[in-house]
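Chemist: Pulled these features from TrEMBL for this protein:
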{"type": "BINDING", "residues": "D:ARG48, D:ARG54", "note": "NADP(+) binding site"}
{"type": "BINDING", "residues": "D:ARG125, D:THR126, D:SER127, D:GLY283, D:LYS298, D:PRO299, D:THR300, D:PRO301, D:SER302, D:ARG324", "note": "FMN binding site"}
There are 4 protein chains.
Amino acid sequence: MAGSSYGTLFTVTTWGESHGPAIGVVIDGCPAGIPLSAEQIQVFLDRRKPGQSRFSTARKEADQVQILSGVFNGKTTGTPLSLLVPNTDQRSHDYSRIKDCYRPGHADYTFDAKYGFRDYRGGGRTSGRETIGRVAAGAVASLLLEELGIHLTTYTRSIGPVQVPASTYDYFCIHKNSLYMPNLEYAQAAEDYLKTCMEQQDSAGGVIECVITGLPVGIGEPVFEKLDARLAQAILSIGAVKGIEIGDGFAASASLGSSNNDAFYIEGNEVCKRTNHSGGVLGGLSDGSPLVLRAAVKPTPSISQPQQTVTNDGQNTTLIVTGRHDPVIVPRAVVVVESMAAITIADLLMTNMTSQMEHLKKFYK
Amino acid sequence: MAGSSYGTLFTVTTWGESHGPAIGVVIDGCPAGIPLSAEQIQVFLDRRKPGQSRFSTARKEADQVQILSGVFNGKTTGTPLSLLVPNTDQRSHDYSRIKDCYRPGHADYTFDAKYGFRDYRGGGRTSGRETIGRVAAGAVASLLLEELGIHLTTYTRSIGPVQVPASTYDYFCIHKNSLYMPNLEYAQAAEDYLKTCMEQQDSAGGVIECVITGLPVGIGEPVFEKLDARLAQAILSIGAVKGIEIGDGFAASASLGSSNNDAFYIEGNEVCKRTNHSGGVLGGLSDGSPLVLRAAVKPTPSISQPQQTVTNDGQNTTLIVTGRHDPVIVPRAVVVVESMAAITIADLLMTNMTSQMEHLKKFYK
Amino acid sequence: MAGSSYGTLFTVTTWGESHGPAIGVVIDGCPAGIPLSAEQIQVFLDRRKPGQSRFSTARKEADQVQILSGVFNGKTTGTPLSLLVPNTDQRSHDYSRIKDCYRPGHADYTFDAKYGFRDYRGGGRTSGRETIGRVAAGAVASLLLEELGIHLTTYTRSIGPVQVPASTYDYFCIHKNSLYMPNLEYAQAAEDYLKTCMEQQDSAGGVIECVITGLPVGIGEPVFEKLDARLAQAILSIGAVKGIEIGDGFAASASLGSSNNDAFYIEGNEVCKRTNHSGGVLGGLSDGSPLVLRAAVKPTPSISQPQQTVTNDGQNTTLIVTGRHDPVIVPRAVVVVESMAAITIADLLMTNMTSQMEHLKKFYK
Amino acid sequence: MAGSSYGTLFTVTTWGESHGPAIGVVIDGCPAGIPLSAEQIQVFLDRRKPGQSRFSTARKEADQVQILSGVFNGKTTGTPLSLLVPNTDQRSHDYSRIKDCYRPGHADYTFDAKYGFRDYRGGGRTSGRETIGRVAAGAVASLLLEELGIHLTTYTRSIGPVQVPASTYDYFCIHKNSLYMPNLEYAQAAEDYLKTCMEQQDSAGGVIECVITGLPVGIGEPVFEKLDARLAQAILSIGAVKGIEIGDGFAASASLGSSNNDAFYIEGNEVCKRTNHSGGVLGGLSDGSPLVLRAAVKPTPSISQPQQTVTNDGQNTTLIVTGRHDPVIVPRAVVVVESMAAITIADLLMTNMTSQMEHLKKFYK
C-alpha cells in the first residue's frame, strides 16, 4: 500500500492538505453494529482543535466532522466510514513567503526532492492538520475498544525539562489543565516555561505517555506485527515524534535481568505480574498488564527567530517564519498519540480472533 | 499479511523454530541481476553466530546458509530467494523442565494464551534463532544497498551503565572487540561489567546504534510509511528491543526549537545541514544527512537465579532456568538491527522510484 | 486490507452508499506531476451516468466530481487524491417496500447474513453507484497511462444473444450508439432486443470487451500478481460480472497446442507474434501484443415481474421490484470495466520498475 | 507484497524453480491446533505428481514433502508452516537447446524482457513445478476447511472438444480415471482424443470445474475482495488458465433476468434457492448454495512439432521442443485449481469473523 493507509483489517486511509477544501479519512473494516454519531467523533476532534489555550495556534477552525458513509440508523454498517472535516480558515497568503525556501526542521526540502515540487501552503500534506483524519479514526477505534472494556489514558508527561514524576500522577487532573498533564503543579511550572519560550520566540517539545488497560492477553502477531512493533510504527508516523519506548524502555537497557524480569504469580485464577517493567508486552504480545508507551515529541520547528536556510534554487538565505504556530504541539498531540494507539489495537484485536482452530470452529458451528 | 512477512516490494518472510529441523527466510521482490553467493550471506550470519566470545551461549551451531532458489549463474533472478539454515544442535531435553511453567520476561505465557499451547523447546518461534532469517535477508538487502553507495555502520553504544561517549567513537575498533563497541577502553569496561553480571548469575542490556550514509534524499512514504515509522516497526519487531529513537530522540523533547532545528546551507550544489539533530529524517523522508537510530535492548531474561513464577495449570512456583544462555545479547543483536534497517531501506528505496510521473516516463520511453 | 481498497502502489479506496450524502474514492500513490482537472475526470463519469438513453435508469444524478485533495496548481502532488460526487437524487421512499425482503439476484440476503443488518436503501453499498469511485479513479489511471502511450478501447461485444462478430468491428462506431457497440447494425439489433425485454418487464446481460495497446513487455508480477490474475480480480469485483477470459479464453480450452501457440518473428528489431491467441499475456506478463479481455455481465436482477422470495423473518412471499432500474447495465458498465483495467495496469506498471538492479542503479545514480 | 505471496490472514508464499535444489511454500497465519502430518499433505501432492498416466511427463519426481516448521506434537502451532519438496530429477541438459530462443506459448520472452535474463532450465520459476507449493498449501487449507464441514470437489469437465454433460456427472468416477472426469465413458472418449493428439505431436486443453459445499453464508469482503473476485485472481494465477466463470458465467450474459435470478424460499428455517445460476455467490458473498467455478486451461504449449520463433539476439529460427512434456496438463491441474480455491476460502473465512461487533464481544468477553 502507498503510505496513506494503515492497518490490515481495521484500515485507515487519510487524505487532505492544510489548505485544500477539506481533510478526511476512510475507515474500512470497522465491524457492523457499533453505535456511532458525529458528536462522538467531535469529542475527540475537539481535543486537538486549535485555539484551546494561549499555547496553540490562533488559526480558527471549527473542525466539524461529517459522516458521509458507513452509518445507517445510528449504527456502523460494516462498509467504509468516510469522515470529512472542511477547512474553513485557509489564509494561504500567510505562506507565500516560504514558497521558495526550505524551513529548517520541516519537510519542505525533502518533499521537493521526492515529488519535484510541493504544495507549499501551510505545509500541505505534512501539516499537523493531516492528523484530523487520524483522530477521527481514533475516535471510532476508541469506541470499539470501549465496548470491549479497553480504555486508553493519555497525557503529557513532560514539557521541555518539566517532567511530572510518575509517583505524583493524578489522572483526574489531566483534563483540568490545557497541557493535559496529570499534575496541576507541574502543569503550572510547564506553563511558566512555555511563556518564557514564547517571549524568546522559541518553542518546546515534550513526552506523551499512553496507558492502555483492559487488553486481553495475546494481542499482537509474531514476528513483524508484534504489538509493540506496530505501535512503534503508528506513533513514529506522527510528524514530530522522534522516539518511542515501551515499559521501562531505554532505562531497561541499563538494568539487570534480575530486576527487569517481572515475576508472575496467581491471584484468583488470573496470571498476574508483580511489576510491569515490560510495559504490558512480552514477546510482542499483550501480557495482561497495562500497556505503557511514551513518545518523544520534538520542539515545534516553526519559530519566529531568524534562521539560516536555503532557497529551492540553491541560494543561502535567512528566513523568518511568521504565521500562526503553536509554541508547543505536545498538548494537541496527546489525542493523536491516543488515536494511533487505539487504531493499532483495534486492528490487532481483530486479527487475533483467528489464532486458534477452536475459535473458527466455535464461530462457524 | 500475517505477522511473519515484512515489506511491500522487498518482502521478507521468516519461518522456523529453535528446535525444528531448520530456520529460513523467503525474500520476494529482490531485483534481478545482483551477484549473490552463500559466502556473502554467511559473513552476516557469522556476526550473530553463537560462541564467538565468552559472553554468548555455548550452543554450537554452524549456521551454514543454503540458497535454495532465486539465484542462477551467480546472480539473483528476480524470483524468490529461499535461504535455509539447518538447526544442528538441538538439545531439546535441556528445555523439558520449563515445559509447564512460564519463564519471567519470556513469551511463554502470552503464546499459551494466544495459541492454546506452545512449542516449549528453546522458545520455539520466539527464540533468538528466528533472527537468522532476518540476518540472511539483511545480508541480501545490504548488498543491494552497497551497489547504490548506501552503507550501514552498527555498533554497541552501551552495555548496562557503560556507554561510549559519541565524541570518542572510533569505528575502526568496532570489529576489534567481541562486544562490537566503537572504543576499546569502553569495551574493556563493559567486559568487566559483564563478568560481574555473570558471577552474580545475572544479565545485562544495552543500546545499539546504527548510522546509515549515502541515502538519497526523499526516501520514505508519507504518512504511515514514513522512513522513521517503518524503521521503528522493524527495530521493535526484534525480540528484546524496548525503545527506538531517531537523531536526538528523547533528548529532543527537552530541547528548544531554536537549537533543535538544523540550519540548511548550500555547499557546491548540495543542500546541506549544519547539524543533524533530525538524525537524517525530515517529515518522514530521508534528508541527505546520515540516518542515526538507537535501539534499547533489555537484559536477557534467561538468568540462573531462582525466579518466582507460575505453572500453566495455575500454581505459584520457583523456577531456575538452566541451559545455554547469553548474559547479554546486545553484541549478537547488532547485526540484527543492521539487517532490519537494511531491509526497510531497500524496500522504501524501491517504492520511492514511482513518486514522479517524470520517472515513469523516463523508464518506459 | 479490508475489501474497499485495491492496488499495491497505485491504491484505490472507494466509499459510499447509494443513498448517503455522497460517494467517493481516495487514490493513494499516484505519481506527482500529472496534469489533472475535475473536467478530465468528468468525461469518464459521464460515460456511466444514468439517463443517457432509454435503456438506463431514470434516476437523475448530475454526478459532478469534486477534487478535495492531491492537486496543486493543476498537477497531482503525489499525495492522496480525494474525489467526491454528491448524491443528489435520493428518493429513498422508493425502496421502503424491499426493506424486509430479499430481492432475488441481489446481495440483500448475503449482506444481512454477514453484517446482521443492511442499509436497504437502493442497495446501499452494493448499488451500482459504488462504481462511481472506481470510474473516477479509472480516469486518473487512464490519464497516467496515456502519458506513456498506453490506450484502452472498451465496448459492448454482445447484448443478450446479439453478438458483434469480431470481423465486423468498427471502433469509430463505439461512441455513436448508446450501447457502445463497435457496429451500428448490431447495435440496432441489440436495441430491438432490449425493447422486447422491456415490454416483457425483463432484463438482459451481455459481454464487454477491452483491448489495451501500447503496453510495454514484462508487466505483471509472478506468481500470484500475474497481469491476467490481477485483471481477473479487478473485473470480477464489478457487481454483475460472472466471468472473464483473456485472449481466446474458454475457446482455447478446446483448441490444439499447434494452433493456440503464437509464433514469434522479428520485425525491425522488435519481437512480434503472428497471432494473438494469448491475448497479450504470456506467463502472466504482458507480451507486447494488444491485451484482450472479455467480461460476462449477467442480466440486471431488478425486474418488475413478480418474483418468489422470502422475508428476513423467514416467510415466503412474492415481490414486485418497482423503482428506477436499467433493463441492461452493460453499456454503463463499459467504462467501469475500462477503469478497473486501467487501475490494475497503472499499479503493475509501477511495481515493474524495480525488477532489475540495473534500473535501481540508473535511477539512483 | 511482491507477487509470490497470496492472502491476507492465511498467507501463502511459494518459492523455487524447476531445476533448483528444492521447491517450497511458507504458510503464515494458519490457526493453531490443526492436526497435520506430512502424509496428509502428500495425498494432495500425489494428485499432481508426474507419471500417473501415459498423458503426463515422464519426469520422475518422488515429490516427497517435508515439514520444516510450524508443527509440534502433531498439531499446527500458529507459527509459519514451511513445507519443502526436493527436486530430484533435474536433467538440465535436456533444456540447453532452448537457452537462446523463445518457446512459443511460454514465458521465455516476457521473463527476459522483465528481468534481463532468465533461468532457462525447464521454465525456471514458470515451470509447472511451482504449483507444488500451492498444492502443499492447498492441502493444509483443505484440512482446515474440512474441520468446518466445507468440502471441495474438483474434476475435469472437458478435454479438448470432449465435454461431460452436467446431467451425466457421477462424482464417484472422478478418481477412477486418470483424467479425473466425472463420467467414465467421456473419460474414454477423451483418452482417445488425447492419443490422436499425441500421435500428431500436438497437445490439448480443457476445462476444470470446482464445486464447494458447506460454505457459510456471507463469506467474501465487498468491494474488491469479493469471494468471486478473489477466486478469479487465485485461479488465473495458475499458469495455463485463460478464463474463469462463476455459476452460469458467460452463458448468463445471454440469459434473461427472469430466468437468471434464483428465487428464494424457506425450507425448515433455512433460506434456500430454487436454482443456482449465481453459482453460490451474490454480491460477492457466498449465498449458501454450492459455489461453482470453471477454469479454462489452454493446450500445453510444449509440443514436438517444429515451430517458428526467434532467438534472444533477434534472429528468426525454427524450434523443436524436446524433453518431457504433458500432452495435456488438465488432469494434473485439477488439484491445483482445488488448492487455490481452498486457500482463498480459508483466507476469507478468517477475515469474515470480524464483520460484526457482536462477534468481537462474544470472543473477548
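From the backbone N, Cα and C atoms, a Cβ is placed for every residue, glycine too.
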Chemist: In the structure shown, which of the binding-site residues D:ARG48, D:ARG54 has the fewest Cβ neighbours within 10 Å?
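Modeler: Among the binding-site residues D:ARG48, D:ARG54, the sparsest Cβ neighbourhood within 10 Å belongs to D:ARG54.
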Chemist: Among the binding-site residues D:ARG48, D:ARG125, D:THR300, state which ones have a Cβ less than 8 Å from a Cβ of chain B, giving them in sequence order; state 'none' otherwise.
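Modeler: The binding-site residues close to chain B are D:ARG125.
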Chemist: For chain C, give the subset of the binding-site residues D:ARG54, D:ARG125, D:LYS298, D:THR300 whose C-beta is less than 8 angstroms from one of that chain's C-beta atoms, in sequence order, otherwise 'none'.
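Modeler: Contact set vs C: D:ARG125, D:LYS298, D:THR300.
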Chemist: If I take the alpha carbons of D:SER127 (FMN binding site) and D:ARG48 (NADP(+) binding site), what is the distance between them in whole Å?
Modeler: 13
Chemist: Please identify which of D:SER127, D:SER302 has the densest Cβ environment, defined as other Cβ atoms within 10 Å, among these binding-site residues.
Modeler: D:SER302
Chemist: Using DSSP and collapsing to three states, where does D:ARG54 (NADP(+) binding site) fall: helix, strand or coil?
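Modeler: Its secondary structure by DSSP: coil.
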Chemist: Can you count the other CB atoms that lie within 10 A of the CB of D:THR300 (FMN binding site)?
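Modeler: Step by step: centre on the Cβ of D:THR300 (FMN binding site), count other Cβ atoms within 10 Å, giving 25.
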Chemist: Can you give me the Cα-Cα distance between D:ARG125 (FMN binding site) and D:ARG54 (NADP(+) binding site) in Å, rounded to a whole number?
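Modeler: Here the two Cα atoms are 25 Å apart.
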Chemist: Fill in the CA-CA distance, D:SER302 (FMN binding site) to D:ARG48 (NADP(+) binding site), as an integer in Å.
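Modeler: If we compare the Cα positions of D:SER302 (FMN binding site) and D:ARG48 (NADP(+) binding site), the gap is 18 Å.
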Chemist: Going along the chain, which residues six or more apart from D:LYS298 (FMN binding site) have their CB under 8 A from its CB?
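Modeler: Spatial neighbours, sequence-distant, of D:LYS298 (FMN binding site): D:GLY105, D:GLY205, D:ALA240, D:VAL241, D:LYS242.
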Chemist: By a simple count, how many Cβ atoms lie within 10 Å of the Cβ of D:ARG125 (FMN binding site), its own Cβ left out?
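Modeler: Cβ-Cβ neighbours of D:ARG125 (FMN binding site) within 10 Å number 28.
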Chemist: For D:LYS298 (FMN binding site), which DSSP three-state class applies?
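Modeler: Assignment for D:LYS298 (FMN binding site) reads coil.
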Chemist: According to DSSP, does D:ARG125 (FMN binding site) fall in a helix, a strand, or coil?
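Modeler: It is helical.
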Chemist: Through the lens of DSSP with three states only, how would you label D:ARG48 (NADP(+) binding site)?
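Modeler: Helix, per DSSP.
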Chemist: In whole Å, note down how far the CA of D:ARG54 (NADP(+) binding site) lies from the CA of D:THR300 (FMN binding site).
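Modeler: One finds 15 Å between the Cα atoms of these residues.
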